[in-house]
Amino acid sequence: MGASAQHAFTTESSPNDPYVYQVGFGNRFSSEAIPGTLPRSCNVPQKVKYNLYSEQLNGSTFVASRTDIQNAWFYRVFPSVAHGDIIKMPRNPDIESRFTSGNENVEFVPGGLCWRAFPVPKAGGPTIDFVQGLKTIVGNGESTTKDGLAVHVYAANSSMKKRAFCSNDGDMLFVPQTGRLDIQTEFGRMMVRPGELAVIQSGIRFKVGLPDGPARGYIQEIFGSRYELPELGPLGSNGMALPRDFEFPVASFDMDTSEWEIVYKLAGKLWSCKQNHTPFDVVAWDGNYVPFKYAAEKFVNAAFVDKDQADPSLYTVLTARSKMPGVPATDVMFFTPKWSSATNTFRPPYYHRNMSTEVVGIVYGGYKGTSRNLEAGGLSFQSSFMPHGETHEAFVQATTNELKAQRVGEGFLGFMFQISTHCAVTQYALERTGVLEVPPASLWDSMQGHFLEHAEEVNSDLRRRGLPTLGATLGH
């Protein structure tokens, strides 16, 4: 006797996450809250079961290559077009989507910046939901040309009530730091905790609940590109973020004909409209343009078992293409626990000047670096091509310590957005956060040129090879 599967695989719910998910990055999914709802062999039948409305959401052009087509079909109680007048909301000066030298609200800053933990509104204080708590820190390009990205932070103390949000600017990647996010989307629900990331693509409406009270976190929003898995190259067919570990919601709908507000973000400005029904009324759907989430502890770290350092690209979970062939717009990296066992190797991050901008944050745990005061809930910014690295004291320790295999990063989760262009910093980030720190130049006052202490050894080596010695002033 044998057995056969009765349905496709879904995850199991847990006390911290009551929802179930379909799995598999790059899949095309079908999901029905009521079995038998999806039309067979036709997207737009004359009449959908239960007299539902057919509605397509396109995340790519109609004529995109088959590998690039992203879309979804909804079968819903009300079509999305059934809404009232769209009205411009009061300007929020803390949200930005245009990062050009002609925009006085942003500035290109060389060097490094560091923000301590961004403040979280207190429970019981004035209510601030996700939309009201969204602030832009850095970015590049412009959303209207579908080129570039923005990095935001959010801090809120209130769940969104009968209100939904939709970014028409870009795909939003969430990294919660404090408090879970109970995200209701048109495709279904996701519970996203600190230690996970979630992606909600542009044009998708969603609502953020705060089951744990006040919440804080980070968002990277990409304009005109999509988050993808990085190529594995010589690693082969396995490793890093495994496709089966990405989780996608299942269909879930509400029956609600009360008044709702839909808030749209377009070119960094907010607009809203009212409607007399919930936007979360999709009974069934099919497609590959679907929100998803991923847990950092599932990342497969490559082992350093011999010598030397690999570049940080080895930690990439997701990447997004730029308009330049072979150059990513951004790489999203998670720094998770691993074994450090390399021999004859300088183990701290090497001294570096990078064409990319580095935006680094900590979800939980303590920062082990020595060049800035980064803490969980804060953020670090390193401008492209500007030098960075550890202090002299850290250098001395790393070059004299006995190297032993050791477990590092336990109880720690950090991330980096490695952005392949110059990034501008918003006026909000430079002037209004109240937590900005500029790493002092005095950190480097103790740096020493140890080479200068080896004049006799250097000249001895040169003589042995029949080469001219260095001048007598070496080391003086």
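Every residue gets a Cβ built from N, Cα and C, even glycine.
Predicted automatically and left uncurated, TrEMBL annotations should be read as such.
What TrEMBL annotates here:
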BINDING   His352, Glu358, His388  Fe cation binding site
BINDING   Tyr367, His388  homogentisate binding site
DOMAIN    21-294  domain 'Homogentisate 1,2-dioxygenase N-terminal'
DOMAIN    298-451  domain 'Homogentisate 1,2-dioxygenase C-terminal'
Compute the C-alpha separation of Glu358 (Fe cation binding site) from Tyr367 (homogentisate binding site), stating it in Å without decimals.
16
For the C-alpha pair, I'd like the distance in angstrom between His352 (Fe cation binding site) and Tyr367 (homogentisate binding site), rounded off.
18
Whose Cβ lies within 8 Å of the mean position of the Cβ atoms of His352, Glu358, His388, the Fe cation site, other than those residues?
Pro349, Arg353, Asn354, Gln382, Met386, Pro387, Gly389
Determine, from DSSP, whether His352 (Fe cation binding site) sits in helix, strand or coil.
strand
Protein Cβ atoms within 10 Å of Glu358 (Fe cation binding site), excluding its own:
21
Fill in the CA-CA distance, His388 (Fe cation binding site) to Tyr367 (homogentisate binding site), as an integer in Å.
16
Could you give the mean pLDDT over the domain 'Homogentisate 1,2-dioxygenase N-terminal' (21-294), rounded to a whole number?
97
Report the member of His352, His388 (the binding-site residues) whose C-beta atom has the most other C-beta atoms within 10 angstroms.
His388
State the count of C-beta atoms found within 10 angstroms of the C-beta of Tyr367 (homogentisate binding site), not counting that atom itself.
18
